[in-house]
Amino acid sequence: MDDLLDFNFYDKSTPSNQNNYSNNNSRTPSYSLPAPVAQKKNAQIPLKASKPEDPFANLFQKKTDNKISLKELERQKVGTPDSNSTPKSSNYDPFENLEILHQLSNTPRDKDAVIHDKIEENKRPISQPQVSASEKVTLKDLSLEPHQPVSLPAFENIGSETSIPFENHNEITNMNTAKDKLSSNEMYEKLRDLGFSDDQSRLALENSGSLEDAIEYILEKDNAKGQYREGEAYEAFSDSSAKTQFSDFQALSNQLKSQLFEKANDLWNIGRKKLRDAVEERRAVKDPSKPRWMDASHDFGREATPEILPKTPIPKRKPHKVPMNEKVSEDRITTNQSRSGNDESSLVDFLTSKSDNSSFNFPSDTYEGTENILETAYESTTARQVNNNKPGKSTVKKREEETLNNMVSALVEEQQSTGNELFRKGDFSQAIEEFTNSLSQLPAKHTKRVPLLSNRSLCYQKVGDLKTCLQDVDELVDIIGEEKGHGESIRDKSMNDYYVKNMVRKAQVLEQLEKYQESLNIWKDLIADGQISKLYIDGKHRCEAAISSHSSESHSKRTTQQPKSTPNHTNIKVKSERLQHVRMAQQKAEQLDEERSRLREPVQQIVNKWKEGKESNLRALLASLDTILWPECRWQKVSLSELVLPKKVKIAYMKAVSRVHPDKLPQQTSVEHQLIAESAFSILNHAWELFKQQNDL
């Protein structure tokens, strides 16, 4: 391979080629090379004398004739023709370009920069003065010279692949020199052309010596003015924001003031209304439609004040005795205090006070009654008898009874409260079960059995089980004892109240059973104990009338042979008619009780089937209410789609209650339908209470 590569050096025409090369070089601009490169170029390569002629010389000679030198390639790349160059011969020295490359590789400069310098030296004429690249290429702001457009290629790095033509360098140089020679008028015109004002241009030219300095001066001054304007704007904004905040605060304070005033006004109106209602309740408003005994209730049932009662003088020999009127007043005060704190302990108080106002229109603090006409109650403590034989509190013996466990006491109270709630809703059978469960937890003769027996006896009276009612009353009286509960209390309530209430109930039940003599004895005992009221007097008169009519009837039977023209025949006939009416009423009541007891279980099954699984779902109960009601009730069926809104549910509930309310049923309603209505009313009432809690009504 070495022989093949050295084909050009062993040719016989080598000296002539060297001469041609030297002649060609003489035409081009000369340039000096570094010393190492020149020495390498002048070095003689030894020839091999005994080298035979190469048979492939002509072949390679043709290829070398077609080669293009590196300099020509560079000229073609730049695209500028060389006017000084002449056509060179086909024979040239190949080491010329190699030496240039070797020189460039040994220099520390950048390769592109060296090539660029060589190209510029070849382009520049010999007579032209040497100008460095940094002097030729000076970037100016061409936007400042709009009237002299210059097509200058954009380049950042000198020596890049795109070289700068020689003509463009001359234009840049001429432009720079023209800028340096601009007059003040021309600079003024250029500043005006750039958009600056007259004052700005003149002031900038006075404080600067060139166009660039003038532009910088104007820009700096504008920046300073902008900062000053920003400061003024910030101060103005801060002042305006402070005023805005003050106005907002003032508006907010006015709004709060108006709201507080409105709320205070509303509260004042509410308080004034409540005060007016309280005063009206306290004030005894007289109604001209009421009879005299209702308005002057103090003549019949009010307490006697110490000023009205005659005072008994105190004997000197017994100074330790207390006057009778003071003793009565003290007992009355303590009794009223005990009653005021325990209105919720007994269920009977709630019912009697409510029904008494509706039937007799007595004041609520005068006496207590019941919801049923046949069912009356005693006047609690409003007209107590002044009894000197009544044992004082100091003489009452303390009861010795078993102490209950805390768990048992809690269970009994819970069951009692549940039974009271069921009674208020009208579910008497379930209330009886709860009271019975509570009584089973307590020992016999325990004082806590008294309120439970009292409530259960009332439930039995409601359902018509009069015999069981009498049994509970007798057990209660046996627990209270012969002292009749004077000086004793249960849960801060006088035990005598329970005694009197249940004795009144016993007298009513005996009167219903046509045991008028026993009922009369109870009424007389209550009156003898100081229970002087219209309620007890009426009971006594009824029993006396029934007894007298019964005796007169028997007497008339014995004297049937007497002439009809006797003067007392009319009175006897009237009394006998009254007695017949009373007996017929008693027979109807007994038949009604028997029928109620007979139909209770079948009706309960029907009601349980209706309410099963939906006791607390008022919508489902109303939607299926038609399954248990009778046609004469005139109930229109309601679907669940009509009971979506709580308002619609309330309307349907009010209609259902008006249909099944026990007091609003027609007189010809059968016993079975009455029982169904009572049970449905109780269940709907319970579901309505739950519905109100769930929907916040």
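Keep in mind that glycine also has a Cβ here, set from the backbone N, Cα and C atoms.
Per Swiss-Prot, the features are as follows:
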- 1-94: region 'Disordered' (REGION)
- 13-32: compositional bias 'Low complexity' (COMPBIAS)
- 62-77: compositional bias 'Basic and acidic residues' (COMPBIAS)
- 81-92: compositional bias 'Polar residues' (COMPBIAS)
- 181-221: domain 'UBA' (DOMAIN)
- 306-346: region 'Disordered' (REGION)
- 323-333: compositional bias 'Basic and acidic residues' (COMPBIAS)
- 334-345: compositional bias 'Polar residues' (COMPBIAS)
- 412-445: repeat 'TPR' (REPEAT)
- 547-573: region 'Disordered' (REGION)
- 559-573: compositional bias 'Polar residues' (COMPBIAS)
- 633-696: domain 'J' (DOMAIN)
Residues of the parent chain within Cβ reach of the repeat 'TPR' (412-445), under 8 Å, 6 or more residues beyond its termini: 347, 350-351, 401-402, 404, 451-453, 455-456, 458-460, 462-463, 479, 600, 604, 662, 678-679, 681-683, 685-686
Structural state census, the domain 'J' (633-696) (DSSP three-state): 48 helix, 0 strand, 16 coil
For the repeat 'TPR' (412-445), the number of residues DSSP places in helix, strand and coil: 27 helix, 0 strand, 7 coil
Tally of residues which DSSP labels helix, strand or coil - the domain 'UBA' (181-221): 31 helix, 0 strand, 10 coil
